[in-house]
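Annotation comment: Swiss-Prot describes Thr16, Thr17, Ser18, Thr270, Gly314, Gln318, Gly415 as ATP binding site, evidence class sequence analysis. Here Swiss-Prot flags Thr16, Arg20, Thr270, Gly314, Gly415, Asn419 as ADP binding site, drawing on sequence analysis. What Swiss-Prot records for Thr16, Arg86, Glu87, Tyr138, Asp248 is sn-glycerol 3-phosphate binding site. Annotation comment: Swiss-Prot describes Arg86, Glu87, Tyr138, Asp248, Gln249 as glycerol binding site, evidence class sequence analysis.
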Amino acid sequence: MPDNAQKYVAAIDQGTTSSRCIIFDHGGAIVAVDQREHRQIFPKPGWVEHDATEIWSKVQAVVAGAIAKAGLRADQLSALGITNQRETTVLWDRATGKPVHNAIVWQDTRTSALCHELGGSDGQDRFREQTGLPLASYFSGPKAAWLLDNVPGLRARAERGEIAFGTIDSWLIWNLTGGTDGGRHVTDVTNAGRTMLMNLETLQWDRSILSAMNVPEAVLPEIRSSSEVYGTAVGQLSGVPVASALGDQQAAVFGQACYDVGTAKNTYGTGSFLLLNTGNRPVPSKNGLLTTMGYKIGGEAPVYCLEGSIAITGALVQWFRDQLGIIRTADEIETLAASVDDNGGAYIVPAFSGLFAPYWRSDARGVVTGLTRYVTKAHLARAVLEATSWQTREVVDAMYQDSGVRITTLKVDGGMTKNNLLMQHQADVLGVPVIRPRVSETTCLGAAYAAGLATGVWNDLDELKSHWQKDVEWTPSMEASERDREYHNWRKAVEKSFGWHEEDGVN
């Protein structure tokens, strides 16, 4: 039974494939979890959409499910936090509360031609100084512009103030706090920073970019901090303060207690996202990284990060399993790889659809190099795992070149952190300890922490740091000479992946 004196915080994690609600206690331990998937809609090649109404319905269901599993009443929740898939874009009718079109998902590439046109002679760098981002189809601003130009009559309605724009956090907060009956139309700095419409210095919408993209200011939410009470929930959560919003990767930074300059976390999923806390000033990147918001606590100074995104890490293990059939389950790769001492001279560069950070080479394609008759499937299994470690090393090196900050440890989360061989190799190639926390749900935990800070459940960042607990630590054991030799070979393999795909027109 729940402790009546205990304080509980709920967090909604609205992700690309599913929505979850996790309830945490005051110690940061998980009390209950509920999760539901939603549909992926693919109207055309390269197009990916979600039904925002379905997402809201699933979010309501997982909140109810988590509360029921915890044996709690809604009035026992001290706060509600939100974390979300970043960049996914919703436009809705303020009067009816209904979306005017399916949400355009971050993976969707329909705005590639529009981005190419917007870039003009400056190319991808046109808005980088103001936003920290390259002009690319991932980000929300071009998605909103596309909707305004392609849904009949929408632009005129938007200019009259009838339409609301938001990333998923805004859509959820608006609905949670009343929707058409007084719902709050807000976003936080981490999500606004991924629209390519917010100025990183002022933390306000940049009117010159709005003008260039032809997005009317009337549709935009108010930009707020990541940790403050935006409003009070109605409905099943009636009276609960809605008190945080963070993009998913920034929420993981917060949940991993990366509050000091130089602290970093890497989330290992289908791909990987490595974020480094660079403090209260944005650090521009000359090495293929994104300059992004980390978080902002109430009226305190904002914290910025450098972000390196790696397209293929866990997905390479899936390919090894599903396309090659060498293993039957993802977990088998560790046993197979551990049966040999090294990669036998083989390297696999998983540039299946190009390389992300730090190269951003859309012409790259996957290669296997260094093959001899000595190489076995076990060596290839090891090369699959090592590809993740080496790609992470390249991002860490780029972060040092941009910021001058050397990481001293790397905090890790995500499914691949269960693989001890991979985590040991990661520590070896970075030359620093790699640490996995006891609570693995760092994204939800970060949203809960930020909401609890805003409502007095926790007092300050020092208290949150004291809750963070280590589960496993891997320390480097590789000689520097071996590390340097292997890294040199990896870099040679990467060069072999360039120039394979010749594009017709705009990618």
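Cβ atoms here come from the backbone N, Cα and C positions, even for glycine.
Locations of recorded Swiss-Prot features on the structure.
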residue	record	DSSP (3 states)
Thr16	ATP binding site	coil
Tyr138	sn-glycerol 3-phosphate binding site	coil
Asp248	sn-glycerol 3-phosphate binding site	helix
Thr270	ATP binding site	coil
Gly314	ATP binding site	helix
Gly415	ATP binding site	helix
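Long-range Cβ proximity for Glu87 (sn-glycerol 3-phosphate binding site), meaning a same-chain Cβ under 8 A and a gap of 6 or more residues, is found for Trp106, Tyr138, Phe139, Ser140, Lys143, Thr167, Arg194, Thr195. Using Gln249 (glycerol binding site) as the reference Cα, a 10 A cut-off selects Arg86 from the binding-site residues Thr16, Ser18, Arg86, Gly314, Gln318.
When Cβ neighbours within 10 Å are tallied across all protein chains shown, the highest count among the binding-site residues Gly314, Gly415 belongs to Gly314. Cα separation, Thr16 (ATP binding site) to Asn419 (ADP binding site), rounded: 24 Å. The Cβ of Tyr138 (sn-glycerol 3-phosphate binding site) has 21 other Cβ atoms within 10 Å, all protein chains considered.
Listed in sequence order, the residues of the same chain lying 6 or more apart from Asp248 (sn-glycerol 3-phosphate binding site) and placing their CB within less than 8 Å of its CB are Asp13, Gly15, Thr83, Asn84, Gln85, Arg86, Thr443. DSSP classifies Arg86 (sn-glycerol 3-phosphate binding site) as coil under the three-state reduction. In this structure, the CA atom of Asn419 (ADP binding site) is 23 Å away from the CA atom of Thr17 (ATP binding site). Highlighted in sequence order, Asn84, Gln85, Thr88, Trp106, Arg194, Gly247 have their Cβ within 8 Å of the centre of the Cβ atoms of Thr16, Arg86, Glu87, Tyr138, Asp248, the residues recorded for sn-glycerol 3-phosphate, and are not part of that set. Annotation for the binding-site residues Gln249, Thr270: lowest Cβ count within 10 Å of the residue's own Cβ, Thr270.
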